[in-house]
Amino acid sequence: LSRMKPVIVVHGGAGRIFKEREEGCRAGVVRAALRGYGVLKHGGSAVDAVEEAVRSMEDDPHFNAGCGSVLNEKGEVEMDAIIMDGKNLDSGAVSAVKCIANPIKLARLVMEKTKHMLLTDHGAHLFAQAMGIPEIPGEKLITERSRERWKKNLEPDSNPEEFQKDLGTVGAVAIDSEGNVACATSTGGLSNKLIGRVGDTACIGSGGYADNHSGATSTTGHGESIMKVVLARLILYHMEQGMSPEVAADTALDYMKTRVGGLGGVIVVNKAGEWAARFSTKQMSWATVKDDNLYYGIFAGEKHTKSVDEALASERKGF
């Protein structure tokens, strides 16, 4: 059996990344990609790798997922997450979950321990308890920044749309040495959203999709627009028609923009291990590791390269 060279690609959300958060976002996606790649290097599966990469970003307050999630209209954190295994199209997702540190872990348990694919709110909470996932106080997930932003959005003359540009959903896609692909996506959703709002992240085919026959993708951006065009599945469809990951991503993002006026970003890996990180927003933090090289960027056309060894060394020094 010819061994695949493993590849991981991660994103830290598409939108506008404010100047003071650029470094943190760059460091966060790089750390996540290196962790996911570490899993793949040690023979771990694509599913293990994407879960690990996303968990790393959920724990990083720079991103709108896990700790650092935005607040809903009532000032609470409600999170969505999905994971998918391209080998057999198994998927697990959770929506509107509160008081747990890592929704992606819970999504994986839904995939592996139930016959279902999506658990929501109270049911997801009961399942988390049954699985022994520790509950943490909701305040633990709330950062000063999220609270400030929530307050600003409550002001009568505020324009939440302005703030939505700084989104920060997180995601990862990978192909392992066996040639299996997987995707994972996690988010706190839209700031000041209605209680119970579920966006694209928890929806299979929108927030992510993985199929060994074509590849895997994870999306970020305006959730309602992404759902309208079923963005993740649309990209894989284009790859099935013979497009490269980059062309497939651009074609689908372009369609979303012209058809419904929605902006977003995507990461893609195909079954041959070719990858892309593309976005129609101003920015998207992303990082990739392939062939022991790390690539990363935030702005259109920006692509830094480092060897993994060099990156790991500076990681140990504290980026």
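Note that Cβ sites are derived from N, Cα and C of the backbone, with glycine treated the same way.
No curator has checked TrEMBL annotations; they are predicted automatically.
Straight from TrEMBL, the features:
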ACT_SITE  THR169  active site, nucleophile
BINDING   ARG197, VAL198, GLY199, ASP200, THR220, GLY221, HIS222, GLY223  substrate binding site
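Locations of recorded TrEMBL features on the structure.
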residue	record	CB count, 10 Å
THR169	active site, nucleophile	34
ARG197	substrate binding site	17
VAL198	substrate binding site	20
GLY199	substrate binding site	22
ASP200	substrate binding site	31
THR220	substrate binding site	32
GLY221	substrate binding site	27
HIS222	substrate binding site	24
GLY223	substrate binding site	29
Pairwise Cα distance for THR220 (substrate binding site)/THR169 (active site, nucleophile) [Å, integer]:
6
Would you mind reading off the Cα separation of HIS222 (substrate binding site) from the residue listed as 'active site, nucleophile', to the nearest angstrom?
10
Between the C-alpha atoms of ARG197 (substrate binding site) and THR169 (active site, nucleophile), the distance in angstrom, to the nearest integer, is 15
If we take the residues ARG197, VAL198, GLY199, ASP200, THR220, GLY221, HIS222, GLY223 that the record assigns to substrate, their largest CA-CA distance in Å comes out at 16
A 10 Å Cα radius around THR169 (active site, nucleophile) captures, of the binding-site residues VAL198, GLY199, GLY221, exactly GLY221
